[in-house]
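For reference, TrEMBL has these:
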- Asp203: active site, proton donor (ACT_SITE)
- Glu206: active site, proton donor (ACT_SITE)
- Trp147: substrate binding site (BINDING)
- 488-510: compositional bias 'Low complexity' (COMPBIAS)
- 487-510: region 'Disordered' (REGION)
Amino acid sequence: MRFLSTLPLLLGAAFALPSPEDIQERATGSLSSWLSSENTVALQGVLNNIGAGGSKASGASAGVVVASPSKSNPDYFYTWTRDSALVFKALVDQLIAGNKSLEPLIQQYISAQANLQTVNNPSGGLCSGGLAEPKFEVNLTPFTGAWGRPQRDGPALRATAMIAYSRYLIANGNTSAVNNIIWPIVQNDLSYVTQYWNQTTFDLWEEINSSSFFTTAVQYRALVEGNSLATQLGKSCPNCVSQTPQVLCFLQSYWTGSYALSNTGGGRSGKDANSILTSIHVFDPAASCDSTTFQPCSDKALANHKVVTDSFRSIYSINQGIAQGSGVAVGRYPEDSYYNGNPWYLNTFAAAEQLYDAVYQWKKIGSISITSISLPFFKDVYSSAAVGTYASSTTTFTSIINAVQVYADSYMSIAQKYTPSNGALSEQYNRADGTPLSAADLTWSYAAFLTAYNARANVVPASWGASSAKLPNSCSSGSATGPCSAATNTNWGNPGTPTTSNPTTTTGGSCKTTPTSIAVTFNEQKTTSYGENIYIVGSIPALGNWNTANAVALSASKYTASNPVWSVTINFATGTSFEYKYIKKAQDGSVTWESDPNRSYTVAGNCAGTATENDSWR
Ligand code: NOJ
Ligand code: NOJ
C-alpha cells in the first residue's frame with residue numbers, strides 16, 4: 001500500500017501512472033496463470049471422486065461423493081453429508097455459471113440423497129434423527145462404527161445445495177421437478193433443522209459436542225431459503241417461519257467482542273476457521289455488510305478474519321517471517337493436533353474467498369465502512385485506516401479495495417506455493433515444510449478452490465435472502481416438529497405432468513418415443529394422525545415382496561385436512577402386473593393393513609410415460 005500511495009510523489013505528473021489493476025496484474029501474473037490451470041485440475045478432481053463414473057470413486061453409487069480416495073491413513077473412503085453438500089453446492093453454482101454438463105450429476109446427487117434419507121443409521125431413522133448421521137458407506141449403507149455423531153449441519157447444507165438447484169430449475173421453467181422431486185427431500189431436511197437446531201451437535205471437525213457457530217449459521221440460512229422456496233411453490237413452511245428468528249437470535253450469542261466463538265464447548269480459544277467458513281457459506285451478494293448474518297464484509301466477520309488468521313501466524317514454521325497484512329497458511333484452529341495440527345488447503349482458500357466476497361460487496365454497495373470493531377483488520381492492510389465511511393468516489397475506497405484484493409490473492413499464493421506441480425490437493429500441508437499431508441485428493445479441497453476462484457472472478461452465487469434478517473426482541477430456545485416422510489420420486493426423465501405445448505404423440509397418434517417404463521403415481525386418501533405414515537407394499541420386489549419392512553413410503557406433501565391424500569410415484573416396466581395394498585405404520589412401528597381383497601394393477605404403456613391411480617383406504 002505504501003508503494004501505491006507514494007507513487008504519485010515519485011513519478012510526478014510527467015508520467016502516465018499505471019492503474020492499480022495494472023500493478024496488481026504484474027504482481028500476480030504467476031498467480032493468475034496458476035489459478036486458471038488449477039481451476040481445470042480442481043473441477044476434474046471433484047468429478048473423479050463422484051460415483052458411479054468418477055475414476056477414483058469406484059464402488060460409489062451414482063451421485064455419491066467420496067470424501068477422498070484414500071483408504072488408509074486416513075481412511076476417507078466414505079460419503080459425508082457435509083462434504084457432499086458443499087461439493088454439490090459448488091457444482092450447482094458452476095452449472096448456473098454455464099457448465100450445463102454437470103446437470104445429470106446434480107440430479108443423481110439429489111436422487112441418492114432421497115434414498116440416503118431413508119437409510120436407518122446409528123443416529124436414527126428418517127424421522128427420528130437419522131438425517132444428521134455424518135457419514136455413510138459409499139454404497140449408501142450405514143456406517144456403524146464409533147464416530148462423532150450427530151452432526152447437525154448436514155441436513156441444512158444439503159437443503160441449501162438442493163434449493164440452489166431448485167431456483168435454477170424454477171428460473172428455467174421446470175417448477176414441476178422441484179415440486180415433485182426436490183421439495184419432499186428438502187422438506188425433510190428443513191423439518192430436521194426446525195426440530196433440532198437448539199440441541200448440541202458435533203462440530204464440522206467432528207470433535208466437539210456443543211453448540212457450533214457454523215452449524216447454527218447454516219441452519220439459519222437453510223430455514224430462510226427453505227421458506228422462500230416453499231412460498232415460491234405455493235406451499236408453506238410454518239415451522240421455518242416460527243424458528244428462523246430464534247436461530248438468528250442464538251447466532252448472535254457466539255460473538256465474544258472481538259471474534260466469533262466457534263464452539264461453545266471443548267475448552268479451546270474458539271478461534272477457528274469454522275467462523276471463516278461460516279462467512280463464505282452465508283455470503284449473499286444482495287446483502288449489505290450486515291453483521292447479524294455475518295456477511296463477509298461485516299465488521300464482525302472482518303475482525304474475526306484477522307483474529308483467526310493471526311492465530312496461525314506464530315505457530316506454523318512456514319508462516320515465520322510473513323508480515324501482518326500478508327496472507328498465511330491457515331489451519332482449523334491453533335490447538336489442533338490431528339496429524340500434529342497443520343494448515344488445510346480448504347481453510348486457506350476460505351480466508352481468500354471471504355475477502356473476495358467482501359470486495360464484491362463493497363463495490364456493489366458503493367462504500368466501505370470502518371468501525372472500531374473492524375479497524376484492526378483494516379490497519380493491517382492500510383495503515384492509515386480510520387473509523388468512517390468511504391464512498392466509492394474517494395481514493396481511500398480505491399486504495400482499500402486494492403489492498404484487500406492483494407491481501408486475498410496472497411492467501412491463494414500461499415496455497416499455490418504448497419501445491420505440487422500436478423495441482424493435486426490433499427487435506428493438509430505440513431506446518432514445517434509445506435509438503436502435502438493426510439487424505440490425498442480431498443474433494444472438499446478442490447471444491448473450496450472452485451468457490452474461491454469464482455469469488456475472485458466476481459462469479460457470485462445467488463442471493464438467499466439474507467437481507468430479510470430481523471432479530472426478535474429477546475431470544476428463546478425452541479423446537480418445532482414438522483412434516484417428514486420418504487421422498488420416493490426421483491424420476492427426472494419425466495418429472496411432471498407433460499405440458500400441452502410439448503405434445504408426446506405425433507399427429508398420427510403413435511408416440512414420438514415409446515416409453516419402456518411408466519411413472520405411476522399412487523394417490524391414497526387416508527386421514528392420519530401425527531406420527532402415522534402410509535406405505536404401499538405388494539407382490540413384486542419394487543413393492544417389497546409383501547414384506548412391510550420394505551414397503552415404499554408415501555409422501556404427505558400434498559396432504560391437507562380437506563384432502564388427506566398420501567402419494568408416491570414409482571417407475572415400473574411397461575406390462576408389469578402386481579397385487580398391492582396400502583398399510584399404515586404408527587410411530588411405534590406397528591402396522592395396520594387395509595382390508596381384503598388385494599388390489600391389482602397392470603402397467604399399461606402410453607406416450608406420456610406417466611399414469612395415476614387414485615385409491616382410498618379400505
Ligand atoms: C477424524 C475426524 O474426521 C477429524 O476431523 C478429527 O480431527 C479426527 N478424527 C480426530 O478426532
Ligand atoms: C475431517 C474433517 O474434519 C471433516 O470436516 C470432514 O467432513 C471429514 N474429514 C471428511 O472430509
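Going from the start of the chain as shown, residues are counted 1 onward.
Each Cβ is built from the backbone N, Cα and C atoms, and glycine gets one as well.
In TrEMBL, annotation is done automatically, which means it is predicted and not curated.
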Residues among the recorded positions Trp147, Asp203, Glu206 that border ligand 2 - Cβ under 6 angstroms, in sequence order: Glu206
Chain-internal residues, separated by at least six, CB under 8 A from Asp203 (active site, proton donor): Gln151, Ser210, Ser212, Phe214, Thr215, Ser262, Asn263, Gly266, Asn274
Where Trp147 (substrate binding site) falls in three-state DSSP terms: coil
Other CB atoms within 10 A, centred on Glu206 (active site, proton donor): 16
Separation of alpha carbons, Trp147 (substrate binding site) and Glu206 (active site, proton donor) (Å): 8
Same-chain residues at least 6 apart in sequence whose Cβ lies under 8 Å from Trp147 (substrate binding site): Pro122, Pro134, Lys135, Glu206
Of Trp147, Asp203, Glu206, recorded positions neighbouring ligand 1, Cβ under 6 A: Glu206
